[in-house]
Amino acid sequence: MSPELLTLIGVFVGAAILRVPIAFSMFAAGVAYLAVSGGDVGQVAEQALNGLYSNFVLIAIPMFVFAANVMNAGTISDRLWAFSNAVVGRFRGGLGQVTVLIGLLFASMTGSAIADAAGPGLVTYRAMHKVGGYKPGLAISITAAAATIAPVVPPSIPMILYAVIANVSVGAMFLAGIVPGLMMAGSLMLVIAVVARVRNLPVGEPVGAKEAFRLFRRAFLPMLMPVIILAGIYSGVFTPTEAAVVAGLYAIVLSVFVYRAFGWRELAAIVLESARSTGLIGLMIAGAFLINYAVTAEQIGEWFAALTTDAGLSALGFFLIINLALLLAGCFLDTGTLMLVIVPLLLPAVHAQGIDPVHFGVVIVVNLMIGMITPPYGLLLFVLSGLGKVPLGEVFKETWPFVGALVVVLLLLVLFPVLVVGLPYHFGF
């Protein structure tokens, strides 16, 4: 290992230990690497800006963030909750099932786990805890687990990032996430059904057909968004980046003009908040490009690929080891760090093992989402326990059945690639 690489690792780890924000840790490590290697430190700005603006696909991220914030600020969460409750709320543990269903519906509009958890997730948490009598820890755990679906089903911000990193089609990644997302929702609903029976959770009031149809009509326009996005992309009407703009405009039309949920002043505040969120994401991406510049120069990816090949690992063995390592890392490290820094190191080995990069990408996104609800780190658990004022220990205790169910789904996706790549292959990707 070269002195330059040791410097990069030392600065990055040291900054992280000091709790320096991850984006600035990346920048510091990149600058240190260039300084020690005799490179031009002025390349920092060049590499960062080239990384951010040389890829048209990345423009989709701020628009999807904006669309998610607009959806959260309006009445759309309430409309989706009411319709979901009419569909599955009548069963034992129905409010938990509603949480998963609304998580799936809202996920197909935002692509963000945090947006899903902070928007409809809080609505369903309060309903489970105050109306359904769920223990706070269980209600938070269900809400967090349901939010992990958001970055898997299209549109998905992590899928866009991976498509840029791995140079694969965004459309293929979106299609590949549909079946895994449905499997995640099904597994969580199954766990909730078992927990509801064991703990004798309450049965919800049935909703008549006429009322259910009325609630469907109220939720129809929001549910139309993913249909417009996906139909537009796969019919060739617009690109994924243009689809993100359409999503943002559609969200404005619904919230401002159709539902009149807020006015132009509130919309300006949403634009500002979206810019702040996007700025943080942009800094992380720019910092990651600096780290990846050093990694490419040191040929670490090629070294790791040769190591796995020389070790005689099969593709399945390699895949299982990587998933186990990322599951463990996800308990402690930020998802963005793993996606932007660690995954690029693995791609040369993925190609050397003959693994489909689309298959690998979807499995990794699912893996990282499980990390978001796995103690002791579990970013979603921290966010929701803070918002709900529930002790983390109580949440951790209730989370493990949902983590176990999602790990089973992850294993099935690894063992049966057709579950991931079947749809993209069918549509010619």
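Positions of Cβ are set from backbone N, Cα and C atoms, glycine also.
Unlike curated records, TrEMBL annotations are generated automatically.
What TrEMBL says about this one:
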DOMAIN    10-418  domain 'TRAP C4-dicarboxylate transport system permease DctM subunit'
TRANSMEM  6-36  transmembrane segment
TRANSMEM  48-71  transmembrane segment
TRANSMEM  100-125  transmembrane segment
TRANSMEM  137-165  transmembrane segment
TRANSMEM  171-198  transmembrane segment
TRANSMEM  219-237  transmembrane segment
TRANSMEM  243-262  transmembrane segment
TRANSMEM  274-295  transmembrane segment
TRANSMEM  315-346  transmembrane segment
TRANSMEM  358-382  transmembrane segment
TRANSMEM  402-425  transmembrane segment
### Message
Please identify the stretch among 6-36, 219-237, 274-295, 358-382 with the greatest number of Cβ pairs below 8 Å relative to the transmembrane segment (171-198).
### Response
358-382
#### Entry: Stretch of maximal Cβ-Cβ contact with the transmembrane segment (137-165) [cut-off: under 8 Å; candidates 6-36, 315-346, 358-382, 402-425]
358-382
### Task
Go through 219-237, 274-295, 402-425 and flag the stretch with the largest number of C-beta pairs under 8 Å relative to the transmembrane segment (315-346).
274-295
#### Entry: Range from 219-237, 274-295, 402-425 with the greatest count of C-beta pairs under 8 A to the transmembrane segment (358-382)
402-425
### Query
Any residues 6+ beyond the ends of the transmembrane segment (219-237) with a Cβ under 8 Å from its own?
67, 71, 76, 79-80, 82-83, 105, 108-109, 154-155, 171, 174-175, 243, 246-247, 250-251, 254, 258, 427
### Message
Give the nonlocal contacts of the transmembrane segment (402-425) in its own chain as ranges (CB under 8 Å, at least six residues past its ends).
### Response
141-142, 144-145, 148, 169, 171-172, 175-176, 178-180, 183-184, 187-188, 190-191, 316, 319-320, 323, 327, 356, 358-359, 362-363, 366-367, 369-370, 373-374
#### Entry: Rounded mean pLDDT for the residues that make up the domain 'TRAP C4-dicarboxylate transport system permease DctM subunit' (10-418)
81
